[in-house]
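As recorded in TrEMBL:
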{"type": "TRANSMEM", "residues": "15-35", "note": "transmembrane segment"}
{"type": "TRANSMEM", "residues": "104-123", "note": "transmembrane segment"}
{"type": "TRANSMEM", "residues": "143-170", "note": "transmembrane segment"}
{"type": "TRANSMEM", "residues": "191-218", "note": "transmembrane segment"}
{"type": "TRANSMEM", "residues": "333-354", "note": "transmembrane segment"}
{"type": "TRANSMEM", "residues": "374-393", "note": "transmembrane segment"}
{"type": "TRANSMEM", "residues": "413-431", "note": "transmembrane segment"}
{"type": "TRANSMEM", "residues": "468-496", "note": "transmembrane segment"}
{"type": "TRANSMEM", "residues": "552-574", "note": "transmembrane segment"}
{"type": "TRANSMEM", "residues": "580-598", "note": "transmembrane segment"}
{"type": "TRANSMEM", "residues": "657-690", "note": "transmembrane segment"}
{"type": "TRANSMEM", "residues": "748-772", "note": "transmembrane segment"}
């Protein structure tokens, strides 16, 4: 079939992708420079009044507003020093934990890299001779040993990029938290800008670096592979596997750390001792704030990087055996990377709306400003997708569809990406409806606290189950439309569409933990109640946007997993997955069970670690004289050590379960049973992940609704310390591991098993099913 070429020439494509990545990195650096202008150190007296000079003292930068501390006669010098001290403690705790975690992750990465090389290299007996191509009949491709070597290199590249992404995100967040607190003295708008710019640093760095490393890997691998695009893009799938495997350890380890500290701090501090959240007398308070950075920042960064890498790899694998790959059309082949490139520019324009074009002046403008980011980025990106589809694709082409070639038009591919993009927005706003205390579902959960913790738990669980309905319909519609239009390639680019605004999504997501830390620092530094009100307002908005971010991550994981599943089935030579076949059906049952097994392990891990934390916090309150009175300092280091030791020890069994399942099933039971396991895990895991995340988010915001007392209804349930509030705190602590450990980790489980199966598919197709061969 003769097809017209794309309008955009190869040279232009070779320039557009790295330039877009460079622009993203440069924009991230610019945001960081602007954030760094806020100093976490007292200025010399007489240079702007921030060390306690006159209220009217103005600096040359125009910062002449009254500071609340000055109005209330507080010693500003000591407050700034205290903020700097707390920031250092949080940063050191987070850095120490991540280095410990990365040692274990590095050991795993080494072992698994060897496994990849040995398994894939053994297919042709470690031969260096060229082999017949799997898809292109009559042609020869590079030897299996080369594919093994390059898959291993791609795996290490993906793993290192994932670890670096998580680490940089954590460093940026711990750099920004105290700066957000200090800017809150000048107004909620100033604090919002610092927190949001800091989130943008992480978002743009991750999106741009992920794109750039993938682009460089494709070009460098291409020097060896030449015209063998089938082998080249099969090897590139290792990049997605590396990214997601490290994300699993980041999510599980970070999630266990943060929730052990959070549950311990809340149960003893709020319920038993009736002291405020983030009170410096609470021994677990530093560990709690460290946890926000290692779980919500580093974990989420690695998670979304993994989703991006996998969706790109799935699309590239399918494209390489479609007309793009067969005819060696470079620009259409790079269509997934062009989408990501335009996404960076679209997110850059969107960010300016929050930081430059419009200014947040009031508390009630914070949440709308963040939600507008999602809407604007989606609208701008829709135009960008149309442009890329017009310039980067021929009008007519063919897409591989389980052994056949399906004729597709460029406008159909545009619709696939657009439906994924808009489905992400729908999932985000449905998640917000079920987790924001501005709407009736969460208010109903809060109201149920009148009769105690039991009814709160019942209402929260019901909310979580109900919240699954519309997101599943949105995902199902996206899959049906995209598959109908462009087979599995359509599903892969729909997932990319959902992730195309990853820079904005991550900026909003990182904003939440930064604001949460800012509030904690304000409380620990003894800053005024008015400052804490401002940081609480920032945190409340961030809590909702964090739930939206989790919705995006789970929705994209479902699409990515299905695309990877399709690529695996094609590579393994399976024509149909028949659930009536016993081999497939037993796999389906086991796969559907895996998310429950995994959730049980992670929930128990949080519970065990929290138990130790509660006992330690109680011990300190009971044995340290003057701790409750504030005349003695708690032993923060012991609590940090409990969280670190527990998370490192407990993250290994769930990680092992996920990583070994495809290897064991594929080797001993064969590709058909493995296809059943993947399908079962996908269908079951998505439902549990959505309900767990939304249940936990609803309980958290029901507690915040009562604490804020912003309406007559909320006031009737409070105040803090009331029986109603204590019931809400219990619900919140139950929801903590659901929304921040088990729920978010499940989307990595379904993606990781699928991409691992795809990477090892050649081995499973050759040697798999040992048990069934001898039965």
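Glycine residues also receive a Cβ, built from the backbone N, Cα and C atoms like all the rest.
Nobody curates TrEMBL annotations by hand; they come from automatic prediction.
Small disclaimer: the values here were computed from a predicted structure and weren't measured.
Same-chain residues lying 6 or more positions outside the transmembrane segment (143-170) and placing a CB less than 8 Å from one of its CB atoms are 94-95, 98, 102, 105, 109, 112-113, 116-121, 123-124, 126-131, 202, 205-206, 209-210, 213, 217, 221, 224-225, 231-232, 234-247, 250, 293-294, 297-302, 305-306, 309, 510, 759, 762. The transmembrane segment (104-123) and the transmembrane segment (748-772) are in contact, since at least 3 Cβ pairs between them lie under 8 Å (pairs 6 or more apart in sequence). Among residues of the same chain six or more beyond the transmembrane segment (748-772), those with a C-beta under 8 A of the stretch's C-beta atoms are 116, 119-120, 122-123, 134, 144, 147, 151, 155, 234, 237-238, 240-241, 244-245, 247-248, 251, 303, 306-307, 310, 313-314, 317, 557-558, 560-561, 564-565, 567-568, 571-573, 583, 594-595, 598, 658-659, 661-663, 666-674, 677-678, 681-682, 685-686.
Sequence-remote contacts of a segment are chain residues at least 6 beyond its ends whose Cβ falls under 8 Å from one of its Cβ atoms, and for the transmembrane segment (413-431) they are 335, 339, 371, 374-375, 378, 381-382, 385-386, 389, 393, 467, 470-471, 474-475, 477-478, 481-482, 485-486, 489-491, 493-501, 547-548, 550-552, 554-556, 559, 693-694, 697. Within the same chain, residues 307-308, 311-312, 314-315, 318-319, 322, 335-336, 339-340, 399-402, 406, 408, 412-413, 415-417, 419-420, 423, 426-427, 430-431, 551, 554-556, 558-560, 562-563, 566-567, 570, 686-687, 690-691, 694 sit at least 6 positions outside the transmembrane segment (468-496) and bring their C-beta atoms closer than 8 Å to a C-beta of that stretch. Counting Cβ pairs closer than 8 Å to the transmembrane segment (191-218), the top stretch among 15-35, 333-354, 552-574, 580-598 is 15-35.
Residues 8, 172, 175-176, 179, 194, 197-198, 200-205, 207-209, 211-212, 215, 334, 337-338, 340-342, 344-345, 348, 351, 355, 503 of the same chain lie 6 or more positions beyond the ends of the transmembrane segment (15-35) yet place their CB under 8 Å from a CB of it.
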